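Input: a single structure, listed below in structure tokens.
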Amino acid sequence: MLLEPLAHLLLFSLLFAMLRGHTVSGVEYPVFILVGMAPFLLYRNTALRLMDSLRENRSLFGYKQIKPLDTYVARVIVETCIAITVYAILAFGFAWFGFNMTIHSPLQWVTTLLLGLLFAFGMGMLLALITHALPSLKMVIRMAFIPLYFISGVLAPASYLPQAMMPVLLLNPFLHIVELIRAEVLPHYTPVDGVSETYVISFTVILLFLSLGTYRARRMHLISTKNG
């Protein structure tokens, strides 16, 4: 788990340093990319692991007190604990080498991180339910996260993305979350116009409504079949 973000950091920091220098938006590029990359990888991993949780935990459903929803919640907790540990190690390492790792608005930062986690939970749960019915979609969904990585402002400020495409790109909740998180960590970072916490909240509520409603309708079927 530690190797993935570290590999991303080293590769893109090197490329950016060669092409454009060592800073972006007045911040050292490794810090800039870590601030956006760590939460994105947490949310991506949470959604994808939730998608696989039915298959991975099917043996537990022999115990009547354990339901599929329990495995979803447990997976979110596990992924969050792993991500916190990895981020703490990387942040400590960065600080050790002299990078400024202070957080501009810590309370708002934690709030947005939790909002993103709720969004990932709703998305992952819905993906789990969809792929339980259509297992062949799993590979397509995994592949879809590759372009999402590049159009969510993880590697560069959203202002560097094609402005003509911005109305379409702003439909992506990940872009809003990453921009909001960066604005709350980096004191001089300004999100692009159109980034809205309200949009993320609305999207998250809809996802949770759809996923929990579908789960309630299909919860017995999830246990009785071996798909997913």
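Along the chain as shown, residues are numbered 1 onward.
Even glycines carry a Cβ here, placed using N, Cα and C.
In TrEMBL this protein carries:
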- 2-183: domain 'ABC-2 type transporter transmembrane' (DOMAIN)
- 31-51: transmembrane segment (TRANSMEM)
- 72-97: transmembrane segment (TRANSMEM)
- 109-131: transmembrane segment (TRANSMEM)
- 143-161: transmembrane segment (TRANSMEM)
- 199-217: transmembrane segment (TRANSMEM)
- Message: Any contact between the transmembrane segment (143-161) and the transmembrane segment (72-97)? By contact I mean 3+ C-beta pairs closer than 8 Å, pairs at least 6 apart along the chain.
- Response: no
Listed stretches 72-97, 109-131, 199-217 vs the transmembrane segment (31-51), most Cβ pairs under 8 Å: range 109-131
